[in-house]
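J.: For reference, the structure I am asking about is given below.
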Amino acid sequence: MRERRATIRAVSASEIFAPGLLDGQAALVTGGGTGLGRAAARELIACGAQVVLAGRREEVLAATAARLGEAASIVTGDIREQEDAERIVATVLERHGRLDLLVNNAGGQYFTPAEAIATKGWQAVMRLNVGGTTRMAELAVERAMRPAGRGTIVNVTLSPHHGLAGMTHSSAARAAVESLTRAWAQRWAADGIAVVAVAAGHFQTDALDKYPEPVRASVARTVPLQRLGQPPEHAWLIALLASELGAAFSGSVVTLDGARDNWFGPWPPPTLADEAGEVPTEQRRPAATR
Ligand SMILES: CCC/C=C/C(=O)SCCNC(=O)CCNC(=O)[C@H](O)C(C)(C)COP(=O)([O-])OP(=O)([O-])OC[C@H]1O[C@@H](n2cnc3c(N)ncnc32)[C@H](O)[C@@H]1OP(=O)([O-])[O-]
Ligand SMILES: NC(=O)C1=CN([C@@H]2O[C@H](COP(=O)(O)OP(=O)(O)OC[C@H]3O[C@@H](n4cnc5c(N)ncnc54)[C@H](OP(=O)(O)O)[C@@H]3O)[C@@H](O)[C@H]2O)C=CC1
């Protein structure tokens with residue numbers, strides 16, 4: 001059996017996990033045709049899982065599935081629509097008879113100053129990130145995980161947590177999802193279901209191409225590591241959370257961002273240091289008045 005699997009696998013072995021870590025698992029990755037979702041699907045397959053990729057564009061999903069081989073299959077649908085979401089979950093169950101892992105990866109926003117966000121745009125971002133994520137989580141629990149008495153849900157959110165000035169609607173939406181993650185972890189613990197959020201920092205995916213040029217040019221410099229995250233790094237975390245260890249992380253927000261959170265820029269700030277690069281220090285009071 002092992003020999004046969006080795007011959008039909010299109011994905012090479014995991015670089016960091018033992019072979020067979022996720023053997024027998026069925027996973028659903030929303031937004032699995034592109035970027036972080038595609039990388040997560042690849043790693044889950046490398047660890048032995050069967051993966052269903054969901055998204056709206058069939059040609060994108062099909063191209064990714066062709067690259068990932070027989071362990072990947074696709075289902076089209078819009079997670080904002082109840083009927084589509086139900087069909088997505090039903091398709092996974094028809095194909096695999098189980099759903100062990102839901103990666104709520106589909107999401108996004110557009111870049112614009114807070115004061116320029118129209119009500120309709122605010123609602124669009126909420127509807128996708130909060131509404132879609134909630135719908136998929138509830139369906140996965142009701143239709144698959146609660147009846148099975150086990151399952152893991154990973155919600156992909158966003159770092160930095162102190163807010164992104166050009167994406168305030170998304171910062172608010174992801175904060176809501178992180179709050180829901182904590183609440184769901186409590187609510188579904190007795191059903192054997194773990195719920196974790198992964199707050200992704202800035203990752204090198206094709207999605208960055210849509211941002212304004214100055215944003216793209218400077219984004220890596222806003223990360224203390226001075227580089228963008230690589231999709232396989234994110235994927236390794238998803239696979240880890242799909243493993244037996246995932247349950248112990250339930251209710252957590254795991255931030256994977258190269259220390260981006262709460263970093264305000266290089267030290268010393270360019271406006272603080274003098275020409276020699278020295279930072280001014282405050283004068284000590286005379287000893288008698290201390
Ligand atoms: C920087 C590094 C960090 C990276 C983080 C990532 O997440 S990378 C991953 C990134 N990946 C993704 O982000 C992928 C997923 N993202 C998306 O699909 C969209 O961002 C979405 C959530 C808005 C889609 O919701 P939808 O289908 O409902 O959208 P719709 O088109 O029908 O518009 C509805 C309303 O929204 C408003 N509005 C929309 N666009 C703009 C704009 N550019 N400008 C201004 N406003 C805009 C507008 O009010 C519009 O109404 P109108 O004026 O038409 O009457
Ligand atoms: N790249 C980064 O630096 C960061 C990314 N993230 C988040 O990680 C996730 C993946 O990002 P990334 O891969 O970079 O970006 P992408 O834009 O490539 O990923 C979004 C995916 O979601 C799918 N999708 C969008 N809307 C819907 C919908 N209504 N129903 C079903 N599927 C949908 C898209 O496919 P389709 O259009 O075919 O439906 C696409 O595959 C997103 O939630 C993103 O916001 C968070 C922090 C940083």
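Note: Cβ is positioned from N, Cα and C throughout, glycine not excepted.
For reference, TrEMBL lists these features for the protein:
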- 25-206: domain 'Ketoreductase' (DOMAIN)
- 265-290: region 'Disordered' (REGION)
- 281-290: compositional bias 'Basic and acidic residues' (COMPBIAS)
J.: Going along the chain, which residues at least six beyond the ends of the region 'Disordered' (265-290) come within the CB cut-off of under 8 Å?
T.: 222
J.: Taking the domain 'Ketoreductase' (25-206) alone, what is its mean pLDDT?
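T.: Summarising the domain 'Ketoreductase' (25-206) by its mean pLDDT gives 98.
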J.: How many of the residues that make up the region 'Disordered' (265-290) does DSSP mark as helix, as strand and as coil?
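T.: Counting residues by DSSP class gives 3 helix, 0 strand, 23 coil.
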